[in-house]
Structures are given as C-alpha cells and as structure tokens.
2 protein chains.
Amino acid sequence: MAEFRHDPVHRRWVIVTVDRTRGPEDFQVPERVPDEGFCPFCEGQESKTPPEIYAVRDGSNPDRPGWKVRVFPNKYPALSDTHEKIQRGAHGLYDWINGVGCHEIIVEHPHHHVLFHQLKPDHLELLVQTYRARLAALMEDARFRYIMLFKNHGPTSGASVNHQHTQILAMPVIPRIAAMALATAREHFHQKERCLFCDLLDQELADGRRVVTENEHFACLVPYASRFPFEMAILPKQHNHDFSGLEDNLIRPAAEIIYQAIGRLAKLFGDLPFNLTLHTAPSTGQSAKRAGYWGTLKHDWHWHIGIIPRLGTTHGFEWGTGLFINPTPPENAAGFLREVQL
Amino acid sequence: MAEFRHDPVHRRWVIVTVDRTRGPEDFQVPERVPDEGFCPFCEGQESKTPPEIYAVRDGSNPDRPGWKVRVFPNKYPALSDTHEKIQRGAHGLYDWINGVGCHEIIVEHPHHHVLFHQLKPDHLELLVQTYRARLAALMEDARFRYIMLFKNHGPTSGASVNHQHTQILAMPVIPRIAAMALATAREHFHQKERCLFCDLLDQELADGRRVVTENEHFACLVPYASRFPFEMAILPKQHNHDFSGLEDNLIRPAAEIIYQAIGRLAKLFGDLPFNLTLHTAPSTGQSAKRAGYWGTLKHDWHWHIGIIPRLGTTHGFEWGTGLFINPTPPENAAGFLREVQL
C-alpha cells in the first residue's frame, strides 16, 4: 500500500510507499568514475583555471598555492558574463532572454582526494563564509533575479570533475520551482502574517518523527513529502530570508549542521552521489524592485538547504507528471539517520 | 553564449546553448542492461503474471499464448486497487490521500527481443487501440482524476524489465505539472476562445524550423523550450482533448507518426534509452465534476505525446530550480531528425 502526501511549499503530491519500504541496505551506491589524471582544481594548478575571484588564504598571493577554498569563473559556463545588458524579446507565443549570467566554481579543498563528508566543521566554516561572500557580491548585480548555489557530487549527480566543488549560477530569471514556492510562501504570509517555513518547523520539531538532528540555531529534517529516499532539508530556526546576510554567530552552527547531515548520510551509504542546493531569497534591492517581487520578501521567504541523495533513477512517469514515487517513508529515513553515531 | 527560452504551456524557462552545441555524435548511448534469463512478459509465461485485463488475440483463450498485445495489473504496483474508497485527510499543514490507484502493464509484443523502434505501423495500430481501450475503461472509474500512460525504455529510463512494455497509472490526484499546464491552457482559452496548443501548432507549422515530420492528421515537433536534447512532441492537428475518444480514422495516422518519431531517433542513436508520456485530459465525467475542473475542459486541453531521450544525467541545479540546460538547440535537433531517411 502507498500514500499520497502533499508538499505545502511546492504544492506537489508524492507517492510514499508504506509497505515493501526500502532501507539503507536496499540501495546500490553507484561506483565513482575513475580520475582522469590531471586536475585543474588541485593546489599548484592555479594557472590552468581562469583568475580567481575570491579565496581563503593565509597571506599567499592570488592564483598561487596556499589557499583553503578558491573561487573562479567556470571555464565552460552555462551562462556568460560578457557585461552585456539583458535583452528580452518574443517570437509569437514564445519569449526569450539573452543568456547573460555568472557561473562560478568554488573549490572546497586544495587536495584532490578529500571528500565533502570528510571536511571537518572548521573547514566547513570557511566554505560557509565563502558561500555568503559570493552570494552577497552577486546580489549587488542588478541584472540578476536569482542566484542558485548547488553542489553535484558523484557519478549520477551530474558532476564532471571529481575534485570537490560547489557551483554558483546567477541569472536574470527566477526559475519556476523557486517562483512557485515563493508565491506559496507569500500567500501564506499575506493570509496569516506568519512564515510558512516557521510554521512547518514548529510542527516538525513538536512532532519529532522526521527530525534528523538539530543544534541551537538549525534543524535538519526529512521532509514530509520527500521526493527521494533520505532527502534532507536544513533550516535556520530563527526566521531569515537571505543566506547572503547570514550573521557571524550562525557560521559555526551552520558548518556543524552540514557536517552532521552529510556525515550521517556517508555513515549509512559511504561515498554516495548527492546534490546539495541552497534556496535563498531571490536577489533583493534594485533587481527585486524592477521585477516587482520585493514587497514582503523578507517575511515571505525562509532560506534553507536541500540535500538529495541520488540513489535511484527517475522514470518517465516522474518526468511526465512531476509526481515522484518514494519507496522510503520519511519517518523511516529520519530514524535511520538519527541513529547514526558520528 | 546561451539563450533563455520560455515554454508557454509549462511556464518554465530553459537555458539553450547556442555556441558549443551538441549534435548526435556528441552523446554516448548507455549500454543495455543484460537480460536475466526468465521473463514473465514473454509469450508462453502468461501464468507468471496476474490474469490479463485486455489483449489483442486472434481467437485464442485469455492467459494463454496467441496474443499480439497483452495487458495485466502490475505485480508490484505503485498504487493498489483494493476497491477501497478514497480517503482524504490532513496532519497540521500537511495533506494525505490513501494510495488507491490502478497500475497496469501493456506488453507491446509477444517476443522478448523485439524493440519498440522495430514495431511496424501495423503492430503500432494494435498498440494505439489498446492504449485507447484501457484509458477509456479507467476513465469510467469515478475515483480517479488523472490517468498517466508512459513508457520507460532502456537502462537510464527507469525500466526494470527489458521486454518492451508501456505502463498506465490511474490516480485520485492531478499531478502538479499536469495541473499547471491545464491551468495555463484554460486561462488562454478563457481570454481568447482559442486553444493554446492549436495556436502553437499554427505557429510551428508556419515556421517549420522545429518540425520533424507530419502527416495529414499529426505533427511531430521539437519544442521551442525543450528541456532535453532531441526531445519531441506529437500533436493531433485537429483539436481534441481526450485520447480515450480517439476516432477510428486517426488510429493509422497515429501509429505512423509514432513510427516516424521513434524510427528517426533510433536511426540517429541506435537503441537509446527514452521515456514516452501521453498527456491526455484529466478524467472526465463524474470525477471531473466533483473535482471542479470540468468547465471548458474540452476546449482547454489538447492531447499530446512527449518523447524524452535519456542521453545525459540531471544536475543538482536542475533538481533545485526546475531550470534545465539543453546543449542542443531545438532547431538543430529537428534538422538532424528531419534529414533521417526511414
């Protein structure tokens, strides 16, 4: 038997299997793609990448060894920052915008073989600071409406380079999923003058069945209507719409909750492929004013991180409908993850 | 450089690469998963499946050899038809429905090694008739709001059995993508008293750059804002919302356009993995009346088939935003497909 569950943020139904459920031992973790030898992301190969935009360094010179985290433009960007203006147009029923954007690579560690789940909270702090700094810088560019920070790890995740890295894509449109979730959260705030995510957090923390781990400032949950087995969400307990404005005292707790979430997943599955996505508010300031979504944005949105293990494949059914079948009830997944000793 | 393109049905942006584009030779087709020996879908193994619901037979008995197409309930259904009533409820902010549904398997040919692209129009006619018959039967069940017919073919498509088959899932909810597309098409009709898909077809046939092939009754296009390289859509030229009411004189032309579309793909890529999805109107009749979406449904919707080649993997970015990056401009894909000689 199964159950339909409704996700109140994304307004989508998922099918959750409640008999013949799948536990951690029922998934086959795909093997790592072998390394191809030379890696431009490694310390010492700085001349093989575009010049760096940002780095965490102890006094060493830019584009030289001696960094801990390093950011540079993607050599093969999905969108290109040619300092062009945004152009918008139509062909009959269709609309287009020229492909202006920024596509950055954040190399998370100088050493090739260090995996994300092996990064300790001290190092993850540097990464969280880097994320905040790059988001804050890109928010200043009035051409962009939305900035997506994401990480592809492992063979089925879309990663093309094994060396651990995060990507940022700043773009002149708000993608559909984000636009819909924002509209839903805004409607909730307008009706109730409460944040939808704060309400969800209250309910989840009181219930407890889907809580994986928490600290004073953050909670890590398995969402009620998860699309994927062992999917997780990390939310700040105190309302905040914008990751780029993360307060200094939240950097350590953020690093610790990421360490806990990824570490628990790695204890259950080893080096599994996953995607991590940061869902912060659309660009604020001038950009939001022109696009007309500023309004109550500060109250509507609540930033969060999504973690999607890539343990299976997606079916035609899921592509055609947006309706996912999840063979691991979120309560079971949270139970397995909660029991892990780190 | 790239270009954002807007899909007017699904209201989503995609990024289409316009330089460094990828042609058919730039994709690696994943290898077929080897067969595991015994196959319950083969002719002669009828006792290994649940009893058949429907078959195309020349006078032979049910659940015996002698069929050309055969339909039975999925032994491992995503939703189960226990003749239960639909129950709907809430837990705080969340909603649920019990997992009632029908999940059927349509085996497309009695022989194990015949592939979909090897089926000739004469055999595809039987398949189109079977699709119509099963959809019409399931439309009668007032519990269901939506019936999804889909096909997973090949290793990365979600297929778990090599023997060619289609699946049908009838369910008590309208999935989000279908609900959104229906709302968009309805709004278009209410404003203009014209069908959105008819308008799109007019524009595409006049333009011609994205047309793959057509016959008197159907057109096969590469959508302007395709998410995937070599994605195709098949639409009837004459407005019709409901595949289950397909007129007899359209069965042959439907079989021929499917043959043309899949055949051209196979000429370019060999036995590639793909998904095929049928987007017909939500269930009509009592079901639609209770759910409140009947209204102008006949005018709003226009049934179509989607074909998605599974040539790559999806990235964290795409899961997090719903924004896809397509490295093959639809005009180029249509050009390659149009040039194929079948």
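Just so it is clear, glycine is given a Cβ too, placed from its N, Cα and C backbone atoms.
In the record from TrEMBL, residues A:C39, A:C42, A:H112 bind Zn(2+); the candidate from A:H6, A:H153, A:H163 listed for the same site is A:H163. Rounded to a whole number, the distance between the Cα atoms of A:H165 (active site, tele-UMP-histidine intermediate) and A:H112 (Zn(2+) binding site) is 10 Å.
Around the Cβ of A:H165 (active site, tele-UMP-histidine intermediate), a 10 Å sphere holds 22 further Cβ atoms from the protein chains shown. In the shown protein chains, 15 other C-beta atoms lie within 10 A of the C-beta of A:H112 (Zn(2+) binding site). In the structure as shown, the Cβ atom of A:H163 (Zn(2+) binding site) sits within 10 Å of 20 other Cβ atoms. Annotated Zn(2+) site A:C39, A:C42, A:H112, A:H163; additional same-chain residues within 8 Å of its Cβ mean position, judged by their own Cβ, are A:P40, A:F41, A:Q45, A:H111, A:H113, A:V161, A:N162. On the 0 to 100 pLDDT scale, the domain 'Galactose-1-phosphate uridyl transferase N-terminal' (A:5-175) averages 92 in this prediction.
Residue counts for the domain 'Galactose-1-phosphate uridyl transferase C-terminal' (A:186-298) under DSSP (helix as H, G, I; strand as E, B; rest coil) come to 52 helix, 19 strand, 42 coil.
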